[in-house]
Amino acid sequence: MSLIEMQNVDVRLGGHQALSHVDLAINKGEIVTIVGPNGSGKTTLLRTLIGALKPSRGTVKRSKGVRIGYVPQSLSIDATLPLTVRRFLCLPHRHSTQAMDDALHHAGANGLQDRQMTDLSGGQFQRVLLARALLKKPDLLVLDEPTTGLDQPGSAALYRQIEQVRQDLGSAILMVSHELHVVMSASDRVICLNGHVCCHGAPETVASAPEYRALFGTGTQGALALYRHDHDHHHHSHAEESHEHGACNHA
Amino acid sequence: MLDDFLIRAMLAGLGVAVAAAPLGCFVVWRRMAYFGDATAHAAILGVALSLALSTSVFAGALAVALAMALTVSTLSGRGYAMDTLLGVLAHSALAFGLVAVSFLQGIRLDLDAYLFGDILAVSRTDLAVIWVGVALILALTIWRWSPLLTATLNPDLAYASGIDPKREQLVLTLGLAIVVAVAIKVVGALLIVALLIIPAASARPLARTPESMAVAAAVIGAVSSLAGLRLSFLFDTPSGPTIVCVSAVIFTSTNLVARVLRATA
């Protein structure tokens, strides 16, 4: 039985069809990465999984008692809100000091307990968010572009930390990522999204799929093209094998 | 003891300060100052309506404040920017309220009391209503504290923890409507938001956690109320504005001191 399963899910956002016919299942202990251009519904998919959005059609099934830890893409804490790391970890439920220390340790954020959230660096902040998600002892950890705003060494370190979490705690991991080297090296499965699931499977399979190439191109395993496509939602101009892009257009 | 109007005034001021403190913190954290203004200004319309229908002013103010708060919550995010929407609603509610009052015979003299408060005229019944309101607000905020705080940080974090941020927003809205209704007699519709925001903002530099900020805001609000009453008695100045003046002085002091401490640290 999968931890969480989406069947034929449609999501509408204010009259706009953000997702259609999405099938997805996450199994115990696997790392699944979602890639796709901006506006392709990656965040919408995650928000539907955690219950922040209701699908307009289809079902989201969670296995009984499944615990989901969520790390949002961005979290801006108003400067007027005084909040220590410790207090933040205790929202909405209190945890023992030991549990908090353990979570911070697993997230690589030792010693930050008494710092103010607004004083943390980008990398420390993301690790504290990760620690908060770990406090639930999640079966599934959902991360939305966890390395937004981090430099390259910083994001590499964070991805190593995430992999460490899977080894230590055995949580399945579902994340959105723009960094293709991570997708290709660390994921068990990749889902390529563009309003619908274009293609999915093992990283090597997806990398050679025509739908994927249409979105991201083929050069350097697609890494360069991925960055170019960040700025270009209409994936028709840069793809080197542009004759194949039709497979992945919005319906 | 309650026969003394000064004692009643002090108790009324204390009650409003204590109730306004935790709500004021949320207003500051969520940047809802203008939202508070809209609710408070709408209360004038409620006062006019209840005077016309000879019902309780408290009930009228509460009903219209609540209606306004719900309208704003519903309309937000549809078309106009929030501050434009609030600017339109707040000032139209105030204007309609003032016009409505002018239709009522013999009320004109009383208008000042509702715009600027008349804390020295608080009756025993008023006092009872105020403290019931205070108890309600405190119970509500203590009960919903953790979910409200989580929803304030980030709606998606709240959803992921099984909290519905829209419901928490509604709780806050209800609390604000009650505080406006009970505070209208104490500081008046025009200065209610000052009582929400200034103590909370004064408490910010003193606090390291949300809870300590709320407690500090309550203490600062209480001190402002008592000191303001005393000063207005000594210098024969209007009570509501004097209370707000005292809290403004405290705001300046705590923030200046914090800045100096940070510079020397």
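Placement of Cβ uses the backbone N, Cα and C atoms for every residue, glycine included.
Those TrEMBL annotations? Automatic predictions, nothing curated.
What TrEMBL says about this protein:
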type: TRANSMEM; residues: B:6-29; note: transmembrane segment
type: TRANSMEM; residues: B:41-72; note: transmembrane segment
type: TRANSMEM; residues: B:84-104; note: transmembrane segment
type: TRANSMEM; residues: B:125-145; note: transmembrane segment
type: TRANSMEM; residues: B:174-201; note: transmembrane segment
type: TRANSMEM; residues: B:213-235; note: transmembrane segment
type: TRANSMEM; residues: B:241-261; note: transmembrane segment
Most Cβ pairs under 8 Å with the transmembrane segment (B:174-201), selected from B:6-29, B:41-72, B:125-145, B:213-235: B:6-29
Candidates B:41-72, B:125-145, B:213-235, B:241-261; stretch with most C-beta pairs under 8 Å toward the transmembrane segment (B:6-29): B:213-235
Beyond the flanks of the transmembrane segment (B:241-261) by 6 or more, those residues with Cβ under 8 Å of it: 13, 116, 119, 187, 191, 194-195, 198-199, 201-206, 220-221, 223-225, 227-229, 231-232, 235
